[in-house]
Structures are given as C-alpha cells and as structure tokens.
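A short worksheet on the structure shown next.
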Amino acid sequence: MSGGKYVDSEGHLYTVPIREQGNIYKPNNKAMADELSEKQVYDAHTKEIDLVNRDPKHLNDDVVKIDFEDVIAEPEGTHSFDGIWKASFTTFTVTKYWFYRLLSALFGIPMALIWGIYFAILSFLHIWAVVPCIKSFLIEIQCISRVYSIYIHTVCDPLFEAIGKIFSNVRISLQKEI
C-alpha cells in the first residue's frame, strides 16, 4: 500500500477514499479490515465493467428485448415461402444488430455525456438543495407542530367531546308507512 492506493486479492488497484486516508481507526488494507471485521470500502470509479452481462440488474428485459418472433409471425395456414421466411429473419436480425451498433457508435458517447451531466446535476441538487431544504423544513415545522398539538388538546378535544356528549343521546327511529 503506497500513495493512497492498495491492491485487492484479485490484483485490482483501488484508491483509498479521502475520508479513510487520515483515520487511524479505519483500516486501509484488506488484512487489517478482515482482522477487525470491517467492510472494505472501494472507490466506485475504479470498478470493472462486465462486457458479457451488460444488464446485470435486468432493466431492459421486458422493454427492448425484441426478437424476430416477437414482431413478425405467420399463423398456421398463412405461410410464405421458406426461403423468404429465412431471408426475412436474417434481414431483420442483422439490420437490427448493425443499425443498433451504428447508432450506439454515433450517439452512445454523446448520450452518455448528456445523461452523466443530467444525473450529476440531479445528484448535486438532491444533495445540496433538496435534502437541506427538507431537513430545514422539518426543524421549522417541529415548533409549529408542538403549538398545533397544544391547540388541539386544549381547544378542539374538549369542544368535540362536548359536541359528542350533546349528540350521544339523539336517537333516530325509522318507520316504514304502508
């Protein structure tokens, strides 16, 4: 371990988070973390990308997983020539495959840049604006809630209890006239 970096058991190089670097109570190496039964924190920017399973959380299983059979189907008794069916299958599959690759090559990096900026702004606003506003509101509303609670218990509770006692002796009887 040198210069704020360490290597895990698989040989991956990780940076030590800034918060962890100066804290003597938190271990910076795996052996010490295991010894103290603490979870090792990894830097999110150095994790590996799985090039085989590109949708590990199954976000697009039901949306864009469209095959030839999902789009084009010939019912029994209405079949085209076998050669046409095979050529249609090949044309559809190859066109979809290469056109997707072309679109992702042209627009993938710009779209990743746009979405990265968007989610960075969204995260920034959530961390630095939304959560502090909500916390501030909860602190301010706490004093109002105490006053409101006192008002309910001293004014509304006795009032509605008295109204309830007044109407508790009211009896309604329904008779059907023939």
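Backbone N, Cα and C atoms are what each Cβ position is placed from, and that goes for glycine too.
The ubiquitin cross-link annotation in Swiss-Prot covers K5, K26, K30, K39, K47, K57. The N6-acetyllysine feature in Swiss-Prot is assigned to K5. According to Swiss-Prot, the phosphotyrosine annotation covers Y6, Y14, Y25, on the basis of similarity to another entry. Summarising the annotation, Swiss-Prot assigns region 'Interaction with CAVIN3' to 82-94 and lists similarity to another entry as the type of evidence. Positions annotated as region 'Interacts with SPRY1, SPRY2, and SPRY4' by Swiss-Prot: 149-160.
According to DSSP, K47 (ubiquitin cross-link) sits in a coil region rather than a helix or strand. DSSP assigns K57 (ubiquitin cross-link) to coil in the three-state reduction, outside any helix or strand. Of the recorded residues, K47 (ubiquitin cross-link) and K57 (ubiquitin cross-link) place their C-alpha atoms 16 Å from one another. Sorting the region 'Interaction with CAVIN3' (82-94) by DSSP state (H, G, I as helix; E, B as strand; all else coil) yields 13 helix, 0 strand, 0 coil. DSSP states for the region 'Interacts with SPRY1, SPRY2, and SPRY4' (149-160), grouped as helix (H, G, I), strand (E, B) and coil, give 12 helix, 0 strand, 0 coil. If you take every residue in the region 'Interacts with SPRY1, SPRY2, and SPRY4' (149-160) and average the pLDDT, you get 94.
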